[in-house]
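Now, the feature entries from TrEMBL:
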DOMAIN    5-120  domain 'Response regulatory'
DOMAIN    132-205  domain 'PAS'
DOMAIN    210-268  domain 'PAC'
DOMAIN    288-503  domain 'Histidine kinase'
MOD_RES   ASP55  4-aspartylphosphate
Amino acid sequence: MIAARILIVEDDRIVARDIQHQLSRMGHVVVGMSASGEDAVRMACSQQPDLVLMDIRLEGEMDGIEAARRIRNAHRIPIVFLTAYANDEVVHRASLTEPFGYLLKPFEEPQMRTVIQMALYKHASDTRLRLSERRYAATLASIRDGVILCNRDGRVDFMNRAAETMTGWTAAEATGQPLSVVFVVVDEETQQPLEDFSAVVLRSGDFAPPERQARLLPRCGDADALPAGIVVEERCSAIIDDRGDFVGSILVFRDLTQRRRIAEALRTAQADLAHIGRLTMMGELAAAVAHEVNQPLMAIVTNAGTCLQHLSQPQPDLDKTRMVVERIVRDAQRAGDVVRSIRALARRTPVDPGWVDISALTADTLELVRAELRRARITVEADLQAGPPWVHGDRVQLQQLVLNLVMNAIEAMSADDLPERRLRIVTGSDDGWLRVRVEDSGPGIVETDIDAIFRALYTTKPDGLGMGLSISRSIVELHGGRLTAAPGASGGSVFEFVLPVSPGGK
């Protein structure tokens with residue numbers, strides 16, 4: 001048994017001495033004895049005992065119940081009442097002071113030993129519980145997420161400062177109110193009111209429903225007041241007691257406004273960076289693009305001259321003339337396609353997601369760099385999966401991604417001493433992912449450099465900016481995919497990116 005420091009408050013000196021001797025035999029320490037309530041309050045303040053044995057009838061104007069009330073309120077010291085009077089009125093008054101036990105006179109030493117042990121144990125348990133509650137409350141008060149605790153009826157029992165700020169309710173005002181009154185959320189798109197999570201938990205029996213995003217209306221707000229309020233991410237869990245019964249719920253929510261603002265700024269910065277990358281690439285492709293446009297233009301000039309010759313004849317051959325005009329139209333369309341592709345890549349446009357046929361996009365990209373591939377004497381092998389599945393994304397950014405990888409492969413094969421220059425592109429899909437693989441026969445990459453090549457400003461080329469692969473990875477990740485690099489099985493490099501195929505897509 002743990003020794004305790006005990007204060008005896010008893011107006012009968014003989015009884016007090018007897019109790020002192022019994023406590024000493026038990027191993028406890030008596031820090032003082034008092035016969036009046038006033039003196040007992042002073043001694044409790046100065047001695048800070050572990051326990052007070054308090055007689056109800058005392059000398060002076062203050063009885064033991066009033067003395068116990070003052071001691072408990074000031075110091076939370078546990079009280080055990082000693083009395084020979086156990087009528088209902090006395091017991092009721094005494095119970096209001098939250099005593100830790102009663103000893104009815106006369107009592108035996110074993111009885112007193114048991115009551116004291118139980119009182120000390122209960123007080124220690126209560127102290128640990130209060131400390132735990134304070135730590136818990138301090139933790140909840142300090143976190144940035146809003147936290148609201150509800151009882152089994154869905155009424156607010158507690159809310160932290162973050163919840164007060166976001167809802168506009170103080171904890172004192174919200175306590176006892178239905179959660180549906182304090183925490184009013186509507187669907188972001190439809191602006192229709194949503195059922196509060198505590199009701200969902202209670203009604204459905206799902207003790208951990210999936211988190212959701214919604215718009216939290218300001219106090220006394222309604223859907224007509226939108227865009228007032230803030231967008232929050234909320235999640236709710238049931239509170240279960242030891243018997244497995246539902247006793248309440250805890251709602252945790254956070255303000256997504258700042259996160260969305262940062263994400264939007266990041267997307268804008270990435271789009272600007274990608275635009276710069278496209279302009280840089282256009283500069284690198286200028287000669288090839290000029291050649292690609294010049295060819296159909298020269299053909300148009302030649303065919304136009306032929307057409308004029310036909311028409312200058314006394315009896316023009318209209319069938320031949322029509323064939324020449326059709327060639328002019330075809331060449332003009334080809335030149336227009338090249339110009340449109342260049343304008344789309346160079347234009348600074350916001351992200352415009354839609355359904356994209358990656359295989360067709362890859363074919364268009366190869367057509368765009370055809371002259372550059374021919375100049376570099378590179379053989380192209382294209383194994384492109386026709387038709388669906390398609391991916392949902394921004395076509396300009398995805399074309400920039402493919403173009404970056406193709407140009408990277410062309411530059412990797414620029415050395416004069418290569419025995420062959422081969423570019424192989426494969427598209428396909430499996431397990432809900434669309435894959436694009438770009439292989440070259442260049443000198444390859446070193447395993448230790450794989451992570452570095454995707455870092456911004458890292459380059460092995462004297463005139464390179466080191467942004468192409470960094471931008472490419474950003475584009476892939478913005479579309480929910482992955483971009484990887486590896487040495488080829490027989491030399492060269494292999495770059496592969498995968499993009500998710502959206503359910504229900506084309």
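Including glycine, each Cβ sits where the backbone N, Cα and C put it.
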- Note on the structure: the residue listed as '4-aspartylphosphate' -> DSSP, reduced to three states, gives strand
- Item | For the domain 'Response regulatory' (5-120), the mean pLDDT of the predicted model | 88
- Query: For the domain 'Response regulatory' (5-120), DSSP counts of helix, strand and coil?
  - Reply: 57 helix, 27 strand, 32 coil
- Summarise the domain 'PAS' (132-205) by DSSP state, stating how many residues are helix, strand and coil. 34 helix, 15 strand, 25 coil
